[in-house]
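K.L.:
So that we are looking at the same thing, I have put the structure below in structure tokens.
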Amino acid sequence: FSQFIVSSHSYNIFFHSYFFCIDGISGFLVLLTLWITLLMVISMLNSAKIKELFLCFFSLNLILVLAFLSNSLLGFYIFFELSLIPTLLIILGWGIQPERIRAGSYLMIYTLVGSLPLLGAILYMDFHCGSIKIFSHLNYIYFFSNNDYSVFCLLWILAFLIKLPIYGVHLWLPKAHVEAPVAGSMVLAGILLKLGAYGLIRSLCFLDLDLCFWSDFSFIWVLSSMCLVGLMCFRQFDLKSLVAYSSVAHMSLIFAACFCSDLIGMNGILGILVSHGLCSSGLFFGVQCLYENSGSRSLYVNRGLLNLSSLFCFFWFLLCVGNASAPPSLNLLSEFLLIASIVSFGSIISGIFCGLSVFLGGLFSIYLYVLVCHGKWNVSNNLWLPLSMRHFEGLLLHAVPLYGLIFLSNFLFFM
């Protein structure tokens with residue numbers, strides 16, 4: 001029944017062919033990809049080797065758009081893996097620290113280890129079912145026994161859980177964010193993480209995760225890990241690392257909602273994909289503004305900005321409020337739908353875990369704002385320069401859709 005809800009009643013299909021398909025989910029993610037790409041161009045206008053960097057970004061943009069529009073599971077897998085190549089080039093070519101090599105190695109190893117079982121599962125189902133179309137409306141449970149089906153589902157979604165990522169397979173994400181240039185962090189948080197969530201959503205068209213023997217354990221694990229990651233955020237001193245760990249907490253909520261497979265949860269997932277893509281990308285852009293003025297990403301160096309740049313602090317406040325899922329941001333409505341879906345599927349205990357996770361998310365977002373904007377500016381650093389037009393445009397183009405889309409929620413949700 002849950003498969004019928006997700007595949008047939010969640011989002012209208014606007015275009016369908018043998019190779020490509022556009023519905024409400026893929027359409028919004030393509031628009032998000034194009035928007036984040038525009039903001040990445042703004043953020044890297046002063047970078048070295050600008051032509052080569054733009055080539056990497058536009059090739060990555062094309063790969064991601066084709067992945068979101070693909071109607072074939074094998075085609076989606078190919079584009080899913082191809083996205084690794086320009087991402088690695090961006091980290092290794094424009095990263096600053098020598099540790100970027102280790103970060104690139106983590107990213108490559110995690111991605112390949114998770115994706116090989118997915119390729120085997122796709123080829124196996126093509127051989128036995130004769131169809132690997134995303135909208136084939138096949139339920140693969142009829143081809144397996146109960147235990148075999150559970151193992152098959154785990155192998156299928158492992159690559160998406162790594163890309164999402166959830167706690168336990170997340171170690172590549174903070175390293176990649178810390179070593180990547182600002183535009184690389186923006187595309188990682190704004191789009192590439194959404195590729196894993198998109199794969200999970202499409203998998204619900206033909207997989208019933210709640211029938212697997214590991215579903216109860218995974219549901220409890222992901223809910224408890226959201227609280228654990230929220231506590232880990234308070235131990236981060238690097239601004240990029242803190243924003244990266246907050247992404248892990250938000251993305252874990254999506255995996256928990258995938259067990260519910262209802263229309264409310266699907267709408268909440270789409271909302272959090274769009275809102276988190278804008279908010280996390282904006283926070284990384286703001287961190288770059290701080291780095292260009294102070295030469296550091298440390299929380300203890302970048303302090304007291306309220307007396308130096310009230311305009312930057314205004315945008316920083318909007319982004320932190322959005323990260324905390326406070327009104328009137330789109331995150332608020334999205335997380336409300338997700339938590340309602342999770343509580344209806346689980347029990348009151350799951351509601352307590354979700355409430356604690358939201359509380360910690362709001363707390364470390366306030367912590368992030370207070371440390372950056374209040375206190376005393378480190379006089380040993382360069383004087384704070386006024387926001388350039390490039391910085392102002394980048395921050396504005398993140399904040400406007402983050403708060404403006406909530407007024408278009410009737411169009412965004414329940415399509």
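Backbone N, Cα and C atoms are what each Cβ position is placed from, and that goes for glycine too.
What you see is a predicted model, and the numbers here were worked out from it, not measured in a lab.
The domain 'NADH:ubiquinone oxidoreductase chain 4 N-terminal' annotation in TrEMBL covers 5-68. Residues annotated as transmembrane segment in TrEMBL: 17-41, 53-70, 76-95, 107-125, 149-173, 180-201, 213-235, 242-264, 270-292, 304-326, 338-371, 392-414. The domain 'NADH:quinone oxidoreductase/Mrp antiporter transmembrane' annotation in TrEMBL covers 70-355.
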K.L.:
Sort out the residues at least 6 away from either end of the transmembrane segment (338-371), same chain, that have Cβ-Cβ distances under 8 Å to it, and list them.
P.N.:
210, 219, 223-224, 226-227, 230-231, 233-234, 239, 242, 246, 249-250, 253-254, 256-257, 259-260, 262, 264-265, 268-269, 272, 299, 303, 316-317, 320-321, 323-326
K.L.:
Do we see three or more Cβ pairs under 8 Å linking the transmembrane segment (53-70) and the transmembrane segment (180-201), pairs being at least 6 apart in sequence?
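P.N.:
Between the transmembrane segment (180-201) and the transmembrane segment (53-70), which are separate recorded stretches, there is contact, as judged by 3 or more close Cβ pairs.
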K.L.:
Check for me, if you would, whether the transmembrane segment (180-201) reaches the transmembrane segment (392-414) - at least 3 Cβ pairs under 8 Å, residues 6 or more apart in sequence.
P.N.:
no
K.L.:
Report the DSSP secondary-structure composition of the domain 'NADH:ubiquinone oxidoreductase chain 4 N-terminal' (5-68) as helix, strand and coil residue counts.
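P.N.:
Going by DSSP assignments, the domain 'NADH:ubiquinone oxidoreductase chain 4 N-terminal' (5-68) contains 44 helix, 8 strand, 12 coil.
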K.L.:
Three or more CB pairs closer than 8 Å, sequence separation of 6 or more: does that hold for the transmembrane segment (149-173) against the transmembrane segment (107-125)?
P.N.:
yes
K.L.:
Which of 76-95, 107-125, 270-292, 392-414 has the most Cβ pairs closer than 8 Å to the transmembrane segment (17-41)?
P.N.:
270-292
